[in-house]
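Visitor: Annotation source Swiss-Prot lists transmembrane segment at 22-42, 59-79, 93-113, 124-144, 171-191, 198-218, 240-260, 285-305, 321-341, citing sequence analysis.
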Amino acid sequence: MTICTDIIANGYDLKTLIYNSGVVSIKVIALIICLLLATAYLTFAERKVIAYMQLRVGPSLAGPFGLLQPIADAVKLVFKEPIIPAKADRKLFIIAPIITFVLSLLGWSVIPIDHDIVLSRIHIGGILFILAVTSLGVYGIIIAGWASNSKYAFLGAVRSAAQMISYELAMALSIVAVLIVTGEMDLIQIVEAQKTRPIWLTIMMLPLAVIYFISILAKTNRLPFDLPEAESELVAGYNVEYSSMAFAMFFLGEYANMILGSSLMTIMFLGGYLPPFNLEILTFIPGYIWFILKVSMVLFCFLWIRATLPRYRYDQLMYLGLKVFLPIVLAWIIVVSAILVYSNNLP
């Protein structure tokens, strides 16, 4: 008798299955809603922060202090007419933004916001799952560039693919160093391992944290590495032909990946949901509050850099990723491993 027959034959098991499915569905819907709201208001925060840095007011007309601006933008994009170029590959043109958007949400299923707040805890492959999902996102961009039948979109897609692959190496290797230090692949255990990690070891991981952060900037196509969307060269890059909700999906996917990358940096290098320096006096504040504050701090650095730095040339971008960051990360992994063995601090 098959498993399905066993479930149907046993009424209790069927009820349990339905109940568990309902609970998981509610959690997934709640996570998606929270992520969409966070993404929408990250765009608002970006416009406000950059406006203040440039001595402007920023969005201020839609609602008090402009707080309804993201809703106004969403309504505008929903009701805009979706335009598909006559010579575009219609099916691929529509599928591309969906791929990018869905993959940007999948990584959140294993992110622990607190010790007990995680949608799906994968004990062995949480890190591998996030790396795999974020790496697949480039396929949506490549498909968009190809399907648009535009030289600007195609060049933007090629740039994006090369850029993501180049910086994926440095980012993944910086995470490997964390796995060597903690001896864990479970994201929650990685955070818990930072409770007892010596302070000198935390300081030694800071250069890798900086390289990881810069790699995330390149991976999410943010300034100073927004070469795939360089306005002065490619108009808008791979999404130049997109409008309406298709454009919104690319937009939301980019910002969702920013938040995901910041969350992973918080877990790997900043103690996740633990208080700063694991101070006992601060443990009365819930872990998810610390997690949100740390992620917000990393995201502010994204916005600060966008308002401050000019765009790199493409050759400088590739040189930095392959000839500077990659050797540094490899050398640093060797140094950290040797120190762990010498000091008898292997996990």
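From the backbone N, Cα and C atoms, a Cβ is placed for every residue, glycine too.
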Visitor: Does the chain bring the transmembrane segment (93-113) near the transmembrane segment (198-218), so that three or more CB pairs sit under 8 Å (pairs 6 or more apart in sequence)?
Guide: no
Visitor: Three or more CB pairs closer than 8 Å, sequence separation of 6 or more: does that hold for the transmembrane segment (240-260) against the transmembrane segment (22-42)?
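Guide: In this chain the transmembrane segment (240-260) contacts the transmembrane segment (22-42) - 3 or more Cβ pairs sit under 8 Å.
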Visitor: With an 8 Å cut-off on Cβ pairs and a sequence gap of 6 or more, do the transmembrane segment (171-191) and the transmembrane segment (321-341) reach 3 or more such pairs?
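Guide: Judged by the Cβ rule, the two regions touch, with the required three close pairs present.
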Visitor: Okay, the transmembrane segment (124-144) and the transmembrane segment (198-218): do they have at least three CB pairs under 8 Å, pairs separated by 6 or more?
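Guide: Output no: the transmembrane segment (198-218) is apart from the transmembrane segment (124-144).
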Visitor: Using Cβ atoms and a strict cutoff of less than 8 Å, what residues sit near the transmembrane segment (321-341) while being 6 or more residues removed from its termini?
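Guide: Same-chain contacts beyond the ends: 163, 166-167, 169-170, 173-174, 176-177, 180-181, 204-205, 207-208, 211, 214-215, 218.
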